[in-house]
Amino acid sequence: MTLNTLKRTVFTVLFLSVFSFGFAEGSKEGGEDKEFDAKEMILHHVKDAYGMHLFDWNDHPISIPLPVITYTDKGLTMFSSSAFHHDYHGHEIVERNGQKFVNVHEKVYVLDEGASSVEFDAEDHPTNAHRPTFDISITRNVFMMWVSIAVLFLIFLTAARRYKKSEDNVPSGIASFVEPLVLFVRDEIAKPMIGEHKYRRYMPYLLTIFFFIWINNIFGLIPILNGANLSGNIAFTFTLAAITFIITTFSGNKNYWQHIFWMPGVPVPMKIFLMPIEIIGMFVKPISLMIRLFANITAGHVIILALMSLIFVFKTVAIAPVSVAFSLFITVIEVIVTAIQAYIFTILSALYFGMATEEAHH
Amino acid sequence: MTITGIAAIGAGLAAIGAGMGIGRIGGSAMEAMARQPEMHGKIQSSALILAAFVEAVALFGVVVAFLQG
Amino acid sequence: MDLITPEFGLVFWTLITFLILLFILRKFAWKPILGAVSDREEGIKDALASAEKARQEMENLTADNERILKEARAERETMLKEARDLKAKLIADAKEEAQAQANKLIEQAQTAIESEKKAAMAELKNHVAGLSIDIAEKVVRDELSNKDKQLKLVENMLGETTLN
């Protein structure tokens, strides 16, 4: 091992420990004597939140405030998440537009008329408050999504400009980094899955989805941005899977629908038997896409955080080398998983498009 | 035993099944690659896709466990 | 349960963001990049095709050269053969002619010899006839001096010449 790698390893270990400490401290707020709850910390990490928590400084959480936007029967209300003062137990009541807002486990609730404080039932659900009709707040996931698309624009628009500048279309600079990836999507994903003739139509979608998922997977692993677990959020994967489903459905040709409703080449009783299976399969495909990405990324985050939590659960530094080593190992695996999951989401989308546009060859 | 405990056992069982499935895919893929090194790329990508399909089943189990979480 | 319930807000923002991302990248990134890449690939393919064509042409040229060379060689062969044939024919003709000439000469010589012979014979005959007449004259003169003998001769001769 060279000195350089050693230095880098030590640095990474320190880096990871500092930030895991940060999480732990963050979850302690609201009561100094409160026991460390690993489950609560992990769930708060993998879920969405108002305000982008970066780190704690002298027991004081430092975060980027983000706008909370809600639509209720009283119209649109917008205020900064800093109004909650980092509270997510429903203690802090924010009065805006004649309504009282509270933050209960990073979900905004509107207090019922006449109520002055939130009351909870046995399962910790508010009893005298309801969710706004639409909650379209710029949460930390939305914020990180915008950061990620800004990075994507920066990378790909610069790369595209490089091509325009060069006379003979030879990639240079960032374009020579981007081109192999673009060609990989084209030659290893789109062409074999969709076919030589029809792949062109789907290229923009496949490229966009590949890089969008990949970059968000990577951002989820960067410690200081750890607040955002966008690609491990079911809403994100649901949206992307739904778009894939819509594209598949709309590009389905006669052959595709025939295979679903009246499977050719099998006896009639079999056709009737296969029809419901195929219809279910039509929906299971995008659902499995959604679940796969969500569960893979979330599980990775949960494992890393759980290993880090061991230090605070056992309340000893002695366990730190073990948990740091293990979480480093898992992090390295997760780095590979970020690319693999983006690849699998893209290749399966391409496969479904290919099935939808396949010509009959019986 | 609470329902959460049972859900956790269920997730574990799902993981065993997926582990066996992915193990078989990986083993066969390795064997195939050793037999035909020139097909390396194709075998690898099909193995990844198949592993993703098997894994999806285990993830359904994990999601059911999440439902209790 | 909370974890696997998609929230409206995030779905809404993801959809909008993704569509914007798709639209902008499609127009300003994927189109130029894929276009440049496929242009370059076309260029490489064209260059390869033209190189292949040049090679083909080169091959054709070489083949042509070889063919011409072969033809020339064949032509030379035929010319040589013709010359040889001509020579043989000439020689044969000359031989034949010489033969014919010789035959003719021999024939002429033979004819000349024959005619000479004939002439010589004729002369000899004449000579012999003259001699014979002379002798006969002398004999006759001698004989005809005697009347008896003349008569006897006439009788003999008459006897010999039967009236036919």
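Any Cβ shown, glycine's included, is placed from N, Cα and C.
TrEMBL entries are annotated by machine, without manual review.
Per TrEMBL, the feature domain 'V-ATPase proteolipid subunit C-like' maps to B:7-67.
TrEMBL lists B:Glu55 with the feature site 'Reversibly protonated during proton transport'. In the three-state DSSP reading, B:Glu55 (site 'Reversibly protonated during proton transport') counts as helix.
Under the heading transmembrane segment, TrEMBL lists B:6-26 (among others). Beyond its flanks by at least six residues, the transmembrane segment (B:6-26) meets 47, 50-51, 54-55, 57-58, 60-62, 64-65, 67-69 of its own chain at Cβ-Cβ distances under 8 Å.
If you look up TrEMBL, you'll see B:47-67 (among others) marked as transmembrane segment.
Residues 7-8, 10-11, 13-15, 17-19, 21-22, 25-26, 28-29 of the same chain, all 6+ positions outside the transmembrane segment (B:47-67), place their C-beta atoms under 8 angstroms from a C-beta of that stretch. If you draw a 10 Å sphere around the CB of B:Glu55 (site 'Reversibly protonated during proton transport'), it holds 23 other CB atoms from the protein chains shown.
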